[in-house]
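Sequence annotations record features per position, and here Swiss-Prot assigns cholesterol binding site to 133 based on similarity to another entry. Taken from Swiss-Prot, the feature acyl-CoA binding site applies to 411, 414, 417, 421, 429, 441, 452, supported by similarity to another entry. Summarising the annotation, Swiss-Prot assigns compositional bias 'Polar residues' to 27-37. As annotated by Swiss-Prot, phosphoserine applies to 8. Positions annotated as region 'Disordered' by Swiss-Prot: 1-37. The feature motif 'FYXDWWN motif' is assigned by Swiss-Prot to 399-405. According to Swiss-Prot, the feature transmembrane segment maps to 135-156, 177-202, 215-240, 249-272, 316-348, 366-391, 440-464, 471-486, 493-524, an assignment based on similarity to another entry.
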């Protein structure tokens with residue numbers, strides 16, 4: 001194949017020299033017509049001909065260079081593998097090969113040092129933004145934000161006769177911040193102290209007790225009580241009892257979920273080390289220091305390690321830019337709600353609930369839903385996590401991969417949020433495979449999907465004050481089906497288009513259904529609601545009063 005391309009390339013390059021007599025005749029005719037002078041018209045035509053030939057040769061040249069580059073990289077990997085087998089120093093290729101072999105091994109519960117490997121690397125968007133063509137897309141979003149601001153100011157000036165610079169929606173959404181702050185401090189201090197104290201007490205007493213199983217089960221029970229009873233219940237009770245607004249609730253609930261996952265990772269990664277030390281009858285107990293655990297609680301990862309790759313310095317200018325972009329995205333979402341969402345759902349209440357209204361609502365919600373998808377990704381997975389990584393000199397910045405190039409949903413789930421995916425993969429999927437054996441791979445995958453769907457729906461139900469399992473149905477049923485149907489074997493560009501189209505439609509459905517239900521509960525309140533009223537959709541039966 002490469003030989004044919006080389007021959008075709010040589011043929012095209014030598015095409016002009018195949019018939020020198022014919023070329024000479026043409027030149028003589030041209031010279032005769034112009035009386036020995038080359039006219040400007042002929043010069044322009046010749047330049048166009050050369051440009052066309054260059055464009056025709058361009059893809060062939062790139063293919064040939066790509067083939068040579070692939071051969072070079074393949075030879076480099078083979079040489080590196082042969083050096084590793086000869087006993088040379090450990091290289092990146094040997095590490096990857098070892099990871100591959102470990103993944104195929106029978107014992108799927110790898111010890112911490114053979115789990116996720118952290119290396120110093122930049123976030124993908126930081127690298128892409130160095131390319132002018134990609135950075136232009138970033139500039140386009142900034143330009144769109146400016147237009148949203150101007151549109152809001154102009155409309156308010158026309159309607160009110162003055163410039164209205166009020167942010168009532170933001171003030172309402174982030175209300176009762178003092179309650180949020182003391183709740184967060186209570187969660188943080190309990191997560192810092194209780195899991196560490198329980199683990200340290202268990203680790204020092206495990207090798208001394210005469211009943212290690214009972215000793216371990218008792219400490220595991222107390223840890224479970226903390227995870228579910230204290231950290232799992234108290235924050236939920238606070239947001240409901242104090243009737244916090246939606247954004248404030250999201251802060252508390254997402255931090256609650258994050259700390260539960262962090263505490264689980266800390267215990268899960270360190271328990272095997274203590275068991276191995278007791279098995280080898282080591283005199284030292286491998287208990288991490290408080291500083292190591294404290295660093296992990298703030299580090300932008302859910303996988304515990306005693307140490308991580310660190311950058312040499314902190315770029316405070318970079319940190320400031322990331323936080324400014326987070327606030328910019330926050331105002332971006334505000335203007336999307338003001339200009340695209342609020343008018344849409346205010347008009348919906350003028351018609352009774354029907355299939356026609358629902359379909360129109362879904363398709364009108366696609367644009368704001370997609371914009372919020374991009375903004376959520378950029379604000380949290382890129383800006384927020386990179387800001388904390390820079391302040392902590394955390395070296396591994398791979399919080400996401402190129403999910404926008406996904407041609408399958410399985411690849412999208414792996415690359416959209418690498419931070420959460422790593423936790424689900426190592427502590428849910430691999431542990432389930434270790435516990436139930438490799439034969440139940442599909443059941444383990446189903447369990448991971450169910451866990452993720454339940455946690456997502458729990459967060460939305462608590463934060464919005466009603467249970468409306470639209471996300472659960474989309475994620476658990478359609479997402480699970482697409483994971484098997486549109487799998488990794490699909491590589492053609494058409495499948496990337498299908499993934500994008502389904503993502504657009506799905507976010508339109510989510511925004512439409514949840515917003516309709518929110519407005520219905522605002523305009524059709526119940527005097528004495530029962531538990532069933534919190535789980536029964538009110539948008540289906542609400543009769544708006546004008």
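Along the chain as shown, the residues are counted starting at 1.
Cβ atoms are placed via backbone N, Cα and C, with glycine included.
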Residue 133 (cholesterol binding site) and residue 417 (acyl-CoA binding site), Cα-Cα, nearest whole angstrom: 25
Whether the transmembrane segment (316-348) meets the transmembrane segment (493-524): three or more C-beta pairs under 8 angstroms: yes
Residue 133 (cholesterol binding site) and residue 411 (acyl-CoA binding site), distance between Cα atoms, whole Å: 25
Stretch contact, the transmembrane segment (493-524) with the transmembrane segment (249-272), Cβ-Cβ under 8 Å, 3+ pairs: no
Top Cβ-contact partner of the transmembrane segment (471-486) among 249-272, 366-391, 440-464 (pairs under 8 Å): 440-464
Distance [Cα-Cα, Å, rounded] between residue 133 (cholesterol binding site) and residue 421 (acyl-CoA binding site): 30
Contact set, same chain, for the transmembrane segment (440-464): CB under 8 Å, 6 or more residues outside the stretch: 236, 239-240, 246, 249-250, 253-254, 257, 424, 428-429, 432-433, 471-472, 475-476, 479-480, 483, 514, 517-518
Longest CA-CA distance among 411, 414, 417, 421, 429, 441, 452, per record bound to acyl-CoA, angstrom: 22
Per DSSP, three-state class assigned to residue 452 (acyl-CoA binding site): helix
Three-state composition of the motif 'FYXDWWN motif' (399-405), taking helix and strand from DSSP: 3 helix, 0 strand, 4 coil
Binding-site residues (411, 417), the one with most neighbouring Cβ atoms at 10 Å: 411
Integer average pLDDT (0 to 100) for the motif 'FYXDWWN motif' (399-405): 91
The one of 133, 414 whose CB sees the fewest other CB atoms within 10 Å, among these binding-site residues: 133
Residue 441 (acyl-CoA binding site): tally of other CB atoms within 10 A of its CB: 13
